Amino acid sequence: MSVLLIDAGNSRLKWRWQGDSQQCDLADFAAQPWPDASHVLMASVRELPELEAELGARYACLHVIHRALPQFPDFVHCYEKPERLGVDRWLAMLGAARALPTASQWLVIDAGTALTVDLLTRHNNELHHQGGYIVPGLQLAQQALFLRTERVREFADEAPATDFSLANDTLGCVSAGVRRQHVALVAQLCQQYSHASCVITGGDGAWLADAAGCRYHADLVFEGMEELCAGSFFS
Ligand SMILES: Nc1ncnc2c1ncn2[C@@H]1O[C@H](COP(=O)(O)OP(=O)(O)OP(=O)(O)O)[C@@H](O)[C@H]1O
Ligand SMILES: CC(C)(CO)[C@@H](O)C(=O)NCCC(=O)O
Ligand SMILES: [K+]
């Protein structure tokens, strides 16, 4: 059975159909060429009533998951309130275990609107979430500086940095600085959890994986959704 998979983040909408992935801004969902699918699984980290109504009208079999499932076979949560854990974090962990099945510990990093880190360990065939971190993503971290200072601005005659070398103008210092923070965070985690397989996903993940010398996986959230579909989710 082919299932249309949809990953709704805080900024972007991604979907995978028959192995092909596409994405758009959340605001542009109505203009997309939605495929003819019999089953649709959507994971969403925010309330999107219009999108859900549109998809509900179009597809007879639509499942939407907004939260990590508190009870899932062979998965042990560390959150006291697992329903508070972002569904994208949970799916990215399931996805990492599926994509790198021979590992026994994973550092799962999702570089999107926020950057999230989760440590996952396998004990006796059970996956144990050990905990994680949430920090602002590259764009959000820069916006915070532009918003709350007077003279740190996106000057039109300056260009954002594409790496993290020392910069010599305002926009360069901000954009290289937030990149350096992310690289330093990942490097420190890889050093501390040196036995873990580090895998990075998300819109800003390819750059970060390259800079930190880690593995990149284009979309671990979809990988986690494939794991749900492979189980008894639709039966
Ligand atoms: N085509 C693109 N359009 C917009 N942003 C992009 C694009 N390609 C990469 N990016 C980067 O991806 C980041 C967003 O990542 P992603 O798409 O994983 O976020 P998201 O899923 O909306 O966020 P989250 O899941 O954290 O809520 C942006 O900060 C931007 O720098
Ligand atoms: C942290 C984000 C925004 C990352 O997309 C998402 O996973 C989320 O909304 N999480 C809820 C809070 C938590 O995971 O503890
Ligand atoms: K994401």
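Including glycine, each Cβ sits where the backbone N, Cα and C put it.
Among THR113, THR116, only THR113 appears in TrEMBL as part of the ATP site alongside ASP7, ALA8, GLY9, ASN10, SER11, ARG12, LEU13, LYS14. Sequence-distant contacts of GLY9 (ATP binding site), defined by Cβ-Cβ distance under 8 angstroms and a gap of at least six in the same chain, are LEU26, VAL45, ASP88, GLY112, THR113. Around the Cβ of ARG89 (substrate binding site), 23 further Cβ atoms fall within 10 Å across all displayed protein chains.
Classification of THR113 (ATP binding site) by DSSP places it in coil, neither helical nor stranded. When the alpha carbons of ASP110 (K(+) binding site) and THR170 (substrate binding site) are compared, the span between them is 27 angstrom.
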